[in-house]
Amino acid sequence: MFLRAELQPCKISRFFSIEATKQAFNNQQGYSPITQQLLRLLNKCITIKQVQQIHTQMLIYSIDKANYLLSKIIDLKHFNYATLLFSHIHSPNEYAFNILIRGLTTTWQKFDLSLELYYKMKSLGLKTDNFTYPFVFMCCGNLLAVELGKLAHCEVVKNGLFVDFHVGHSLITMYSRIGKMGFARKMFDEMSQRDLVSWNSMISGYAQTGCSREAVGLFIEMRNEGFEPDERTLVSVLGACGDLGDVSLGKRVEEYVVEKRMELNSFMGSALINMYGKCGDLVSARRIFDGMKKKDVITWNAMISGYAQNGLSDETISLFNAMKETGVNLNNITLVSVLSACASIGALDVGKCIDDYASRRGIKHDIYVATALIDMYAKCGNLDDAYQIFESMPRKNEVSWNAMISALAFHGRAQEALSLFERMSLESSDSRPDDVTFVGVLSACVHAGLVDEGRCLFDLMSSSFGLVPKVEHYSCMVDLLSRAGRVYEAWEFIEKMPQKPDEILLGALLGACQKLKNIDVGERVMQLLLEMEPSNSGNYIISSKIYANLRRWDDSARMRQLMRQKGVTKIPGCSWIEMDSQLVEFRAGSSSHPIADEIHQALDLLYEEMAIEGYVPNVNLV
């Protein structure tokens with residue numbers, strides 16, 4: 001992200017800095033010898049102390065060359081000195097305003113002060129020109145000041161500056177950053193000449209605003225017009241390929257990198273790793289990772305995130321341990337990815353180690369790390385620890401509230417989840433309930449069987465919060481009604497849905513039909529599910545059991561036979577436990593584990609204890 005955001009402003013800044021230096025050198029002709037000597041010495045200054053010495057001599061000899069001093073001070077990045085000198089210029093001209101606007105924008109990134117200076121310049125009646133507007137547009141883009149940017153755009157057109165290449169290019173960059181890609185594309189299409197920077201601005205703008213297809217399409221158009229992509233182009237295109245899952249184009253980009261012998265640095269390497277990771281090709285991602293000579297935290301994070309996003313939690317934790325051994329400093333992105341993996345497999349000990357590390361590094365209250373810790377503790381069963389972290393957070397966003405509400409719902413503490421939802425709605429000024437929030441509270445209603453409360457919340461989504469219910473919310477309502485034994489209402493709910501039901505929603509209803517022995521609704525659901533998921537073994541098995549419950553043995557056997565005919569096999573169940581800080585996986589029916597005999601002996605003892613307590617196994621569904 002740093003590469004995409006910073007490369008363009010630096011290039012424009014260098015251009016105008018060079019132009020200012022040329023103007024200053026040319027203007028030295030006709031000055032007195034002492035003035036020429038001081039200006040030459042000023043040009044060679046490399047420290048602020050040297051500049052102050054020149055400044056002193058200018059004051060002694062009454063030489064008023066504040067603009068030269070201001071330009072040098074900005075180059076040496078001394079904010080206080082630059083602003084103090086500017087404030088003492090009696091009548092600053094356009095040049096003085098332009099160079100300070102440039103410094104505030106690119107050197108110190110004080111965008112709001114830069115815009116204030118721009119408006120002061122206009123109020124004094126000074127002429128804004130092609131040296132002013134590129135930096136004004138940069139400020140508007142970074143501050144997301146859409147209306148100010150549009151007004152400045154109008155002034156550019158009015159003053160006839162639209163034809164200036166750098167002004168046009170800065171407009172494209174501004175509109176891209178504020179997400180107005182239609183305006184950016186219009187500017188791009190109307191440009192009389194384009195260079196690689198123009199193409200890069202549009203491609204990266206599309207990629208960063210989620211318009212991945214447009215980014216790839218423009219990249220192909222750029223290649224057809226004979227432009228050779230650089231690192232920035234390829235990083236943007238690789239991001240778009242990852243979002244689209246277009247591993248084919250991603251591989252062609254990698255081939256281009258190899259063919260042109262481009263350096264596989266942190267940005268290019270991590271972009272390739274991210275692309276392969278999003279496309280599910282972890283073998284290629286690891287090949288890139290292992291082939292990189294220098295790996296910084298960005299590279300490690302890309303590979304760790306790739307494993308985590310693809311559900312390879314063991315590999316995520318293993319690579320995290322290897323990263324620690326290399327001495328690379330971990331950051332919040334690293335911790336969030338690994339905590340996600342810990343949450344997936346219940347690796348509580350590893351999660352606690354990360355909690356301790358975050359505390360020592362002072363990043364435990366980072367909003368993303370803290371939210372990931374809440375999720376990890378909740379999914380590992382330590383709800384009290386999750387709640388403690390939540391309450392200690394100095395700032396919470398929607399994700400933080402949603403993580404805690406969902407955790408309470410998952411653990412069956414429905415009333416606490418609903419209470420926290422009410423607190424979020426009333427107390428939080430920064431966060432407002434969203435789609436995910438309602439999935440959490442509706443899930444709480446499902447676990448507690450709160451049908452009336454669930455219906456009220458479902459209606460509240462649109463009436464009070466302006467949210468349109470999605471499939472997930474309908475799934476919760478169908479599940480809620482199904483568990484309450486109201487399968488006909490659940491089916492009517494499905495029929496009223498604006499979207500087509502998904503397999504999760506239908507699966508919940510089919511499970512309820514199995515429990516209630518309702519073949520009427522069950523057969524309707526079966527038909528839909530088998531069309532949607534012909535390879536899901538669970539659908540055939542539950543359907544077979546529904547018929548078996550009703551002693552319709554021929555229909556039950558027919559479902560099993562249909563499953564075999566289509567080559568569908570049941571994936572064995574598996575689970576993990578943590579033993580001596582190591583994750584151990586167990587698969588149903590497997591006896592290959594070294595301590596399998598001891599495990600079975602322990603289970604036999606449990607069965608005996610259960611029988612003594614009066615437990616009778618339910619074999620109706622076998």
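The first residue you see is number 1, and the count goes up from there.
Any Cβ shown, glycine's included, is placed from N, Cα and C.
Annotation source TrEMBL lists repeat 'PPR' at 93-128 (among others).
Summarised as a single figure, the pLDDT of the repeat 'PPR' (195-229) averages 94. As annotated by TrEMBL, repeat 'PPR' applies to 195-229 (among others).
Residues or ranges marked as repeat 'PPR' by TrEMBL: 296-330 (among others). Counting residues 6+ beyond its ends, the repeat 'PPR' (296-330) has Cβ neighbours under 8 Å at 266-267, 269-270, 273-274, 276-278, 280, 282, 285-286, 289, 337-338, 340-342, 344-345, 347, 350, 357, 361, 583 in the same chain.
Residues of the same chain lying 6 or more positions beyond the ends of the repeat 'PPR' (366-400) and with a Cβ under 8 Å from any Cβ of it are 332-333, 335-336, 339-340, 342-344, 346-348, 351, 354-355, 358, 406-408, 410-411, 413, 428, 430-434, 436-437. As annotated by TrEMBL, repeat 'PPR' applies to 366-400 (among others).
The repeat 'PPR' feature in TrEMBL is assigned to 470-500 (among others).
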Per the Cβ under 8 Å criterion, with at least 6 residues separating them from its ends, the repeat 'PPR' (195-229) contacts 4, 7-8, 11, 165, 169, 172-173, 175-177, 179, 181, 184-185, 188, 236-237, 239-241, 243-244, 246, 249, 256
Can you tell me how the residues of the repeat 'PPR' (366-400) break down into helix, strand and coil by DSSP?
26 helix, 0 strand, 9 coil
